[in-house]
Amino acid sequence: MSGSLSALVGPPTAALCPPGQCVFTEEWSPAKLVERSQITHDVILCTFALSDASKPMGLSTCACILSKFHEEGNPDPIVRPYTPVSTNALIGQFQLALKVYPGGKMSEHLKGLAIGSDVDFKHIAPNVKLQYPFGKKTITMLVGGTGITPMIQALHAVLGTEGDTTQVTMLYGNKTQKDILCKELLDSWAEKSGGRLKIVHVLSDAKDDADWKGETGFITKEMLTAHAAPASDETLVVVCGPPPMYNVFCGPRDQKEVTGMLGDMGYTAGQVYKF
């Protein structure tokens, strides 16, 4: 499998590896940028070559990697976490979908980096997140912006594993239609899921968009009540997005206790995972 859009087309694919098999270790090592394409107005897809072209990345689900570069005049390296959108079915390469933020040091660096240049990566124990199988009958995903990438990783496993019957509801917040990352992929997976995946897109800045017929504003308690499974030991809520999302829905990531909207609705720490 290769090509600039290989990770963002096609059916969900469960190519699972246990933790401890990632080609990247706790030491920084380089991977060569071999391709870059524009997938939305401010999101790029970067394809990197692994040092061994015969092996997959070997990343577990769910997990991320760290990327590093040295900015001129800055003694401290710039380090950012990323969750690949490719799976272990991609041999000899991996792909990252990056939102390019104005003033975003890593994203602007990768947007301007010459093809063929090396970028340093590593994978450490805290990068291993909630692991598949998730063991719940229903999963609610509360997602903002590029927080979608760990959810794509999880959906590959849930929807791509034969015999998995987990029901998934995703409430995905963005500013405008053009900001929705991987909309075509997600909507096609939902359409072909036999009712197992439901996606509710919510746009905060759609007042001038006559074509938009979906939810507007921000994800609310009413939307959760209407679309998500209620709090129980059979359900899991995962939250992934910018820091303000955590404050609203569940409390800060470094706080085990569940506060905010989900806390008010009766969800407990064992029922909520903060990516």
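Glycine is no exception: its Cβ is also placed from the backbone N, Cα and C atoms.
Note that TrEMBL annotation is computational and uncurated.
The shown structure was predicted, so the numbers you read here are calculated from the model rather than taken from an experiment.
Listed in TrEMBL:
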type    : residues                                   : note
BINDING : R80, P81, Y82, K99, K105, M106, S107, T149 : FAD binding site
DOMAIN  : 26-133                                     : domain 'FAD-binding FR-type'
Task = Enter the number of other CB atoms within 10 angstroms of the CB of Y82 (FAD binding site).
result = 22
Task = Determine the mean pLDDT over the domain 'FAD-binding FR-type' (26-133), rounding to the nearest whole number.
result = 97
Query = Who sits close to T149 (FAD binding site): which same-chain residues at least 6 apart have their Cβ under 8 Å from its Cβ?
reply = Y82, T83, P84, V85, A97, L181
Ask   = DSSP says what for the domain 'FAD-binding FR-type' (26-133): how many helix, strand, coil residues?
value = 11 helix, 45 strand, 52 coil
Message = Using Cβ atoms only, which residues of the same chain lie under 8 Å from S107 (FAD binding site) while being at least 6 residues apart in sequence?
response = I44, L98, K99, V100, Y101
Inquiry  = Of the residues named as FAD binders, R80, P81, Y82, K99, K105, M106, S107, T149, how far apart in Å are the Cα atoms of the most distant pair?
reply    = 20
Query = Taking the Cβ of K105 (FAD binding site) as the centre, how many other Cβ atoms fall within a 10 Å radius?
reply = 13
